[in-house]
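Chemist: My questions all concern the structure below.
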Amino acid sequence: MANPLRGPCVRATRPHARRAEQGLPMKTLAKLPVTIVTGFLGAGKTTLLRHMLDNAEGRRIAVIVNEFGELGIDGEILKQCSIGCSEEEAQGRVFELANGCLCCTVQEEFFPVMRELVARRGDLDQILIETSGLALPKPLVQAFQWPEIRNACTVDAVITVVDSPAVAAGTFAAHPEQVDQQRRQDPNLDHESPLHELFEDQLASADLVILNKADQLDAEALARVRAEIAGELPAAVKIVEASRGELPLPVLLGLNAEAELHIDGRPTHHDHEGHEDHDHDEFDSFHVDLPEVEEAALLEALGELVERHDILRIKGFAAIPGKPMRLLVQGVGKRFDRHFDRKWLADEARSTRLVVIGQELDQAAIANQLRTALA
């Protein structure tokens with residue numbers, strides 16, 4: 001299997017000259033703070049990280065992205081800072097760990113990256129880690145107890161991003177209709193759902209919970225979501241509301257939680273499993289390449305697609321005729337968000353590429369349906 005690491009990469013905001021270059025004595029290096037961002041598929045983790053990078057204010061940040069799927073869409077998004085960023089700066093800031101789950105590949109994938117970043121910690125102020133929406137955060141936090149990491153890094157906080165409208169509708173799971181049917185038949189079955197357990201485990205590991213997409217709910221619905229989430233959390237865990245992950249960096253960084261010291265005392269559903277036997281739901285992922293497409297036609301075609309197939313997540317980029325900017329498309333279930341994220345580069349082919357994630361997918365049928373609808 002080819003090594004999925006694409007590095008070495010560090011965010012290229014470096015306004016502070018190195019002390020050695022100034023002829024100043026070297027200070028003893030403090031522990032490097034690490035923020036772990038977790039949350040279910042489509043909650044808005046990548047959007048949050050992009051907001052943090054765009055507002056870094058000189059902080060030298062390295063990013064590790066753990067994606068599910070063969071196409072590094074999240075890594076590509078994070079390599080683009082605010083519109084107008086130079087192409088040179090846009091490269092070399094992100095490590096991508098693809099086709100895996102950090103909770104299962106800590107030693108073979110995550111550890112080599114951390115070893116490299118530890119060696120370079122004098123050039124860094126912060127590490128951000130975005131986990132896959134299918135990952136368990138607790139084993140990742142526990143990895144920071146290892147001697148080679150714990151002496152150099154500390155987990156400043158685990159931030160869990162929650163899709164507020166999905167929770168309000170009871171549709172954070174991949175198959176809301178099935179969940180509702182199970183809930184009607186036996187309320188206890190929902191709590192034994194692997195997806196529900198994953199959601200609860202992500203909350204159990206949190207030092208800060210973000211109720212994202214809060215602008216899409218009225219005050220009453222948002223209050224219900226807050227109460228539901230608060231019922232899953234220790235009283236000390238703070239809950240904040242956000243729209244598109246837009247929060248001041250002092251809210252997100254500098255929490256000093258030292259989560260690696262306390263994570264063992266946070267019970268989760270998977271504590272008594274041998275992690276080598278940890279079983280994820282079987283998900284398929286593949287990408288579909290298309291030419292330029294009309295925005296309205298694309299959204300209609302994607303809506304029809306999720307009606308006919310067991311699709312959990314669609315994410316990618318689209319080229320819209322006559323538009324100089326690339327359209328970022330992200331969908332969970334029947335809900336699709338889109339916005340223009342940056343201009344097409346001069347040497348970049350204007351094309352559409354979508355990643356589809358789901359269960360028992362007929363890849364040929366899905367690709368043919370899309371191409372026929374958009375022909």
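The backbone N, Cα and C atoms fix where each Cβ goes, glycine too.
Straight from Swiss-Prot, here's the annotation block:
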- 39-46, 104-108, 212-215: GTP binding site (BINDING)
- 177-192: compositional bias 'Basic and acidic residues' (COMPBIAS)
- 283-374: domain 'CobW C-terminal' (DOMAIN)
- 173-192: region 'Disordered' (REGION)
- 101-104: motif 'CXCC motif' (MOTIF)
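Each of these features: where is it, how hidden is it, and who are its neighbours?
Modeler: For GLY42 (GTP binding site), the same-chain residues 6+ apart in sequence whose C-beta sits under 8 angstroms from its C-beta are GLY133, ASP163, ALA166, ARG313, GLN330, GLY331, VAL332, ARG335.
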Chemist: Counting every protein chain present, what is the number of Cβ atoms, excluding its own, within 10 Å of the Cβ of ALA214 (GTP binding site)?
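Modeler: Taking all protein chains shown, ALA214 (GTP binding site) has 20 Cβ neighbours within 10 Å.
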Chemist: Looking only at the motif 'CXCC motif' (101-104), what is the model's average confidence as pLDDT?
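Modeler: Here the mean pLDDT over the motif 'CXCC motif' (101-104) amounts to 48.
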Chemist: Using DSSP reduced to three states, classify GLY42 (GTP binding site) as helix, strand or coil.
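Modeler: Once the DSSP labels are grouped into three classes, GLY42 (GTP binding site) ends up as coil.
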Chemist: Determine how many residues of the domain 'CobW C-terminal' (283-374) DSSP places in helix, in strand and in coil.
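Modeler: Across the domain 'CobW C-terminal' (283-374), DSSP assigns the residues as follows: 25 helix, 39 strand, 28 coil.
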Chemist: Within 10 Å of the Cβ of GLY39 (GTP binding site), how many other Cβ atoms can you find? Include all protein chains, please.
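Modeler: Its Cβ shell of radius 10 Å holds 27 other Cβ atoms.
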